[in-house]
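Asks: Below are the structure tokens for one structure; questions will follow.
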Ligand SMILES: Nc1ncnc2c1ncn2[C@@H]1O[C@H](COP(=O)(O)OP(=O)(O)OP(=O)(O)O)[C@@H](O)[C@H]1O
């Protein structure tokens with residue numbers, strides 16, 4: 001009886017067809033041993049194994065290669081190429097012209113040997129001496145018939161060669177005699193020609209006539225074997241396993257290795273599971289595997305294709321050792337902020353530009369790698385636009401931005417509380433300025449301002465106050481992590497960075513501590529352009545370059561000690577670019593800002609700090625405010641209304657507090673952690689008790705203690 005409830009099932013037939021596992025295993029092993037190259041067993045359907053068919057859709061999706069080479073499409077590159085060619089030709093010509101006497105001497109010394117070589121060759125030809133050995137051999141063999149044949153041939157040859165030689169000698173003699181009557185310059189000319197000719201013929205094989213004007217360094221070619229060898233020494237288990245299993249086929253080159261600018265470019269697919277980021281992280285080992293200087297080896301990912309696609313560019317010259325290109329604006333008479341701004345060069349030496357309008361720039365790195373240099377480039381460029389307003393703050397006071405003091409409407413530099421406070425006040429102003437600009441834009445007709453944002457035309461229109469406002473904040477971590485002003489500054493910066501873009505306000509922030517405490521995420525997340533010089537870890541990398549940048553292989557951790565001013569630039573092109581910023585040294589910066597100041601004076605746009613107007617700062621008031629509060633609120637009065645406090649303060653020092661309002665007082669006390677709440681008090685006019693906004697004295701006492709401690713720490 002069958003245990004199967006389905007009686008219709010044919011068990012006999014099924015047993016006959018049972019799959020013989022052992023037989024199958026044997027067959028499989030046999031197949032495997034047949035597979036001589038040890039490749040994987042194909043499990044795809046025959047359909048999937050077919051080569052992809054040509055389709056119109058595929059052709060349409062194809063990527064068109066540019067018709068003209070890159071150096072012909074870019075005016076800069078064309079200019080560079082022409083300049084190089086002319087320079088090269090001039091140098092070579094000058095070098096050889098100077099050595100002409102030496103070359104003439106060499107030719108003269110070598111010409112007797114040349115005469116000897118020519119005479120010997122002529123005699124050998126005339127008497128058919130090259131056949132002499134064969135004729136001697138027939139004599140030794142006593143082969144009379146062969147000897148006769150060869151002798152006849154020799155006689156024939158010598159006869160007609162003799163005629164030719166006699167004729168030639170006659171022509172030369174005639175020429176020689178006619179030279180006696182020829183002008184002397186032609187005699188010298190013929191002599192020079194003869195010396196040159198015989199000198200060249202007499203040249204030893206290993207000693208060329210001309211010296212070497214340009215020594216071209218020999219750069220080894222980049223081949224697929226070299227790339228594979230370099231990848232195999234990285235110690236990456238994924239690569240090593242794949243190479244063991246599949247040999248060189250494990251690395252699939254998706255395009256031929258070609259010359260690309262002054263270097264080689266290889267594009268390849270890494271074995272499954274290995275990402276371009278893994279390779280970028282091992283850049284130093286990769287350079288060792290390629291036996292090239294580190295500054296020549298630039299691995300990049302193409303995450304838009306897939307994470308395992310690697311583009312390896314190997315330059316002929318170390319980027320850090322290559323001569324720095326001069327900043328194109330060094331001698332520019334002026335600059336328009338709305339135009340592309342030359343920011344740096346890529347490893348191929350091409351200029352990379354950024355656009356300032358409608359973006360904010362965040363720059364980050366560990367100290368000493370070129371942050372100030374990088375933030376300086378857009379600031380100095382903007383200073384050359386007399387209609388752009390510059391605000392510049394350096395919260396560490398290293399002095400890199402000091403040349404801007406003569407053009408900036410607001411400027412402060414230093415590591416003290418005053419500079420931090422000036423920064424905070426500037427941000428408050430900037431927030432108000434954003435609100436004002438938003439209102440102006442709202443009031444403009446759609447025909448003038450179709451996208452509700454400042455256009456280059458609006459920025460130039462006088463009276464609207466919508467000019468570009470470029471605000472550079474260097475070492476911003478000092479402000480954002482300031483115990484008194486940091487929190488408010490962070491909140492303001494976050495609002496400004498979100499709002500300002502369309503309002504012509506461009507924030508440039510540089511920090512050496514890109515972590516959540518020193519750089520509010522609301523700020524870092526809203527920067528459109530990011531430039532990351534060397535950082536130490538994934539967190540800082542992603543904070544500056546954006547979430548997932550590290551995972552996608554864009555790793556500023558790969559930069560080495562020598563890579564000063566070199567970083568990843570994100571947000572200006574489709575892909576992240578490696579850029580070395582132009583370097584503007586102190587004296588150059590001074591010259592630029594001198595020119596910028598003259599431009600502003602001529603345009604009548606020199607304002608604020610640069611025009612000698614000190615920015616309004618309540619620093620003096622702040623300094624004494626806490627102490628003044630304590631002196632007008634006796635110790636036995638634990639709480640006081642804000643309005644009462646304002647009255648007492650203005651009574652105490654009318655010059656300092658005469659115009660102080662309760663709201664202003666609340667805002668000024670807030671950074672000290674003193675907040676206002678409902679407090680019970682008595683109205684001095686009506687004598688009635690009520691709950692109104694006020695402060696607690698103990699908060700002020702605590703704030704003073706905190707401040708004194710901080711000042712003590714700093715003084716220490
Ligand atoms: N583009 C560049 N090319 C070559 N060298 C550069 C470049 N930018 C900066 N440097 C070098 O790096 C040094 C440090 O630069 P910079 O002062 O801008 O760094 P930083 O990151 O702002 O430093 P810190 O955080 O200590 O203020 C400079 O003195 C300069 O020699």
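Placement of Cβ uses the backbone N, Cα and C atoms for every residue, glycine included.
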Asks: Under TrEMBL, which of the candidate ranges 92-113, 114-135, 136-157, 158-179 is annotated transmembrane segment?
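Replies: Matching range for transmembrane segment: 158-179.
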Asks: Labelled region 'Disordered' by TrEMBL, one stretch among 22-45, 46-69. Can you tell me which?
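Replies: Based on what TrEMBL states, region 'Disordered' spans 22-45.
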Asks: Mind checking which residues of the chain, 6+ beyond the ends of the transmembrane segment (158-179), have their Cβ under 8 Å from one of its Cβ atoms?
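Replies: Result: 122, 125-128, 186-187, 190.
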Asks: Kindly state the mean pLDDT of the domain 'FtsK' (349-542) in the predicted structure.
Replies: 90
